[in-house]
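What follows is a set of notes on a single structure, which appears directly below.
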Amino acid sequence: MDSSLLPRILILDTGGTISQTAGADGSLVPCSTEYIEMVPRLHDIARLEIMRLERMDSSDMSSTLRMEMARLIYENYDAYDGFVVIHGTDTMVDTAAALNYMVQGLGKPVVLTGAQLPIFAPGPDGLNNLYYSVQTASMDLGEVVICFGDRILRGNRSLKENVHGFNAFHSFRVPALGELGVNVRLQDHRIPRRASQPRLFPVLNPSVFYLPMTSGCSLSILEAVQDHPRLAGLVVGGFGSGNLPAHEISGLKRLLSRGIPILVVTTCLKGNTILSLYGAGRKVYDAGAREGLDLTVAAALQKMMYALGRMDTDHPEFSGQERMEAVYNLLMEPVGRDLDSSLL
């Protein structure tokens, strides 16, 4: 096939396990070897350009680098048919969610992938993951996805479910968008490729705290953060449908009285938050907290950072309750099918 007819794909390389090698003490560390060229037949299916960002363990991934990725995708949008982000697995879902909120109205695929094993190890899964991701980036998709193992998943709905298995990710609240095998099969509920010009919202406010409810533990730790001058938003992981311990909600109410938005999500794999179901949740809702519906924890955190960033750039004059309500409006606005709109 004439190579000029192949789709153009931009790869953003941030490393992760796929690019790591054993250090002197046996632990995995980033290396500088150009590993992408090790994937057989990659240039047979696409014209590739590679931008090498900082290679890192994804535990060190920052909002600053996520904002840089969003900017690069936006600025290069018209020149490519799709995008691949090579990323460590531990925080891949966070980056997928962040990109979903920062680059809205996509009409082309942004595909995140990585590996459970270094590409230099025996039997590396990264060879197939990279090949399928480049193939997926040229297909009929118009959203941020994770391509890993034998699945294509909606990025803002995914979580890492397996530390060791090659199918490391799953989206429990929505079906997979595609299956990888002899052929790549896409499902009808995907967001298809379309002609569109995306919008860039390049600012994440990282001054967000995540508080998972833990049975029997005191929430007095909130006293250490509730008066912190940089605290801008709180995501609470509630029990079950979002329930909270009744004797520990006074700190949350104090934050709400200061205009700090609080979003309560369920930590269950399926279902959604219903704060009115139990008395304690109802009290926090009446004080001004909001339900995260069926947002994943990762999506809720990144959406809070995005919404706060929008306030910082679009409405710096807002403060207190006015700012809090404006943040809630953004949090409840579906973006890339990140939540079930029938719950609104």
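Keep in mind that glycine also has a Cβ here, set from the backbone N, Cα and C atoms.
What TrEMBL lists as domain 'L-asparaginase N-terminal' is 8-189.
Summarising the annotation, TrEMBL assigns active site to T17 (among others). DSSP assigns T17 (active site) to a helix in the three-state reduction.
Annotation comment: TrEMBL describes T17 as active site, O-isoaspartyl threonine intermediate.
Residues or ranges marked as substrate binding site by TrEMBL: S58, T89, D90. Counting Cβ atoms from all protein chains shown, D90 (substrate binding site) has 18 others lying within 10 Å of its own Cβ.
Around T89 (substrate binding site), a 10 Å sphere centred on its CB holds 22 further CB atoms from the protein chains shown. Marked as active site by TrEMBL: T89 (among others).
The feature domain 'Asparaginase/glutaminase C-terminal' is assigned by TrEMBL to 208-312. Summarised by DSSP class, the composition of the domain 'Asparaginase/glutaminase C-terminal' (208-312) is 46 helix, 20 strand, 39 coil.
Taking the mean position of the Cβ atoms of S58, T89, D90 as the substrate site, the remaining residues of that chain whose Cβ falls within 8 Å of it are G16, T17, D57, S59, M61, H87, G88, T91, M92, G114, K160.
Residues S58, T89, D90 are the ones the record ties to substrate, and the longest Cα gap between any two of them is 7 Å.
Around S58 (substrate binding site), a 10 Å sphere centred on its CB holds 18 further CB atoms from the protein chains shown.
When Cβ atoms from all protein chains are considered, those within 10 Å of T17 (active site) total 23, not counting its own.
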